[in-house]
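Record features, source TrEMBL:
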DOMAIN    102-534  domain 'Major facilitator superfamily (MFS) profile'
TRANSMEM  20-39  transmembrane segment
TRANSMEM  149-169  transmembrane segment
TRANSMEM  181-200  transmembrane segment
TRANSMEM  206-227  transmembrane segment
TRANSMEM  239-259  transmembrane segment
TRANSMEM  265-283  transmembrane segment
TRANSMEM  360-381  transmembrane segment
TRANSMEM  393-410  transmembrane segment
TRANSMEM  422-440  transmembrane segment
TRANSMEM  446-469  transmembrane segment
TRANSMEM  481-504  transmembrane segment
TRANSMEM  510-529  transmembrane segment
C-alpha cells in the first residue's frame, strides 16, 4: 500500500471514470498545441516566384520550353536553373529571375541564349506560382529576396514565445494552481489564434503569434502536470505519454487542413476552431488533489475526494485527514509539523533548488539536455519533412502519424524495462538514424524518408517520456517549475531547430549530423539518472534526492518493500 497523497489512487482507482473523463477532456486541447506549433509550415510557405513581369507578354521561353503565358511556365521552372525569358507585344525581351530582371539591349532574334548587353533592374513586385500555394503571408507581404529573413524568423520567434511561456506558466501554476492556468491559456489560444488570421501586417502577425506561442506552451506544460497528478502509478506512464499523441494528432490536422485549404488566413481560422468544443467544458476542471494538499486547502481536497468516489461508483470513505497524517512528516521533515511552516518552506523554493546539491545538479543538467536534444531533433525532423521530396503534405502527415506507435512502444518499454533504459536506447537509435541519413544518396528520396521517420520515431519516444520522467524525478513543491524549466530548455532547442535546418545550405546533411552526435552523447548520460518506475511521487527535495539510493534505515526499507508489493499486486 502506498502512503501519502498517492494512497488516494489505491482507494479511489488509478484511472476510473472520473479520471478518464478529466484526462480526455484536458488532452483534447493539447491537439491545438500541436496545431499551432507546426502551423507555420504552410503559413510561411514560399512558392516558386519571379521578378514582376512587364505587361502584354506574347511569348515565354524557359530552356527548351516555349509558351505563350507566364502562368504556364511553373510546371517546368526550377529556381536556380536559369532565367525565364519573355517578349512583350512591343518587342522588348526580358530575362526574369527570382530577385532581379534584365532588359536585353538590341535583341533581334527571340531565343533563350543571349550574349549581348543587358540592363539590370530591381524588382518592383513579384509573380508567384499559385498552383500549390494560393495565398500565404509570403505572397501577401512579399517576404522574399531581401525580406526572406523575415519569413525565416517567424518560427524561431514563435519558439521564443514558447520558451518564455513554459517558464512563466510553469512557475505560476505552482503558485496559483493548475486549474486557472489551464483555463486561461486554453481560452487565450482561441483568442490569439483567430486574431492571427486578421493581422494586417507582418510585425503584428509575429507579435500575436508570439503571444499565441506563450499560452500554447503554458497549456502544454501544465496539462502534463495536471494529468500526472490525477492518475495513479499503474497508468501514469500511459496517460502522460499519450498527451504527446494528442500533439501528434495536431500535426496530422495541420497536414490535412493545409492540403485542403491553400489560403493562409482561412487555414489559420479552421485550425484554431478545430478544438472549439473545449470551450464548453473547460470551466468544470477541478484543482488537483496534490496541489490542494500541498497548499493546505483540505476542505476543497475533501470535496474533490468525495466527488471522485461518487463518479467512480465507490463509497466516500477516504478522508483528507488520513492522507494528511501520512504525509505530514515528509512535508516538513522535522519534528515541528505545523501547516503554516509547510507553506512557508514551499514559498522559499525556486529554480535554484533544482541545483541545490551536486547530485541534483547533475540530474537537472542531464534532464535539461534530454529536453534540449529531444526538441531539437523532433523539430529538425518535423520541419525538414516537407523538404524530403515527394508530397509535402503526406510527409508531414507521416511525421505526425509515426509518433503514435512510438508512444505505444515507448509505454510498453517504460513499464517493463524502466524510464532510463527506454530513453537512452531511443536517443542512441535516433543518433544512428541521423548518421545513416548522411550516407544516403540524395536521389534515393524514399530511403531518406524512411530513415527520417525512423529518427522521428526514436526521438519521439525520448521526447515523450521526458515529461513524465521529470515529473517523477522532482517533488510536488517544484514539479511544475521543473517541467516548466525543462520545457524552457526544450524550447531553446526549438528556437535553434529552424536555424539548424537552414545549415543544409552549407551541407545538406549537417543538421542530421549535429542531432546525431548530440543524441548519442546525451543518451549515454541518461544512463546515470535514477530509475523511477513504480516509485510514488515525492513531496520534498530530500525524498527526490534519495531516488535511486539504497535505503539507510529499517523503516525506509519497509516502506519501499510495501510499495513494491503494491505495484506488483
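Using N, Cα and C of the backbone, Cβ positions are placed for all residues, glycine too.
Automatic prediction, not curation, is the source of TrEMBL annotations.
Taking Cβ pairs closer than 8 Å, the transmembrane segment (149-169) reaches residues 37, 40, 43-44, 46, 137-138, 143, 181, 185, 202, 205-206, 209-222, 383, 484-485, 487-488, 490-492, 494-495, 497-499, 502 in its own chain, all 6 or more past its ends. Mean predicted confidence for the domain 'Major facilitator superfamily (MFS) profile' (102-534): the pLDDT average there is 83. Non-local neighbours of the transmembrane segment (481-504) in the same chain are 152, 155-156, 159-160, 162-163, 166-171, 173-174, 217, 220-221, 224-225, 349-351, 354, 364, 367-369, 371-380, 383-384, 387, 466-467, 470-471, 473-474, 510-511, 514-515; each lies 6+ residues outside the stretch with a CB under 8 Å from one of its CB atoms.
Relative to the transmembrane segment (239-259), the listed stretch 20-39 leads the set 20-39, 265-283, 446-469 in CB pairs under 8 A. Under the criterion of 3 or more C-beta pairs below 8 Å, with sequence separation of 6 or more, the transmembrane segment (393-410) and the transmembrane segment (206-227) do not qualify as touching, having fewer than 3 such pairs. Residues of the same chain lying 6 or more positions beyond the ends of the transmembrane segment (20-39) and with a Cβ under 8 Å from any Cβ of it are 158, 162, 182, 186, 189, 193, 212-213, 216-217, 219-220, 223, 226-227, 230-231, 239, 242-243, 246-251, 253-254, 267-268, 271-272, 274-275, 277-278, 281-282, 285-286, 311, 382-383, 396, 400.
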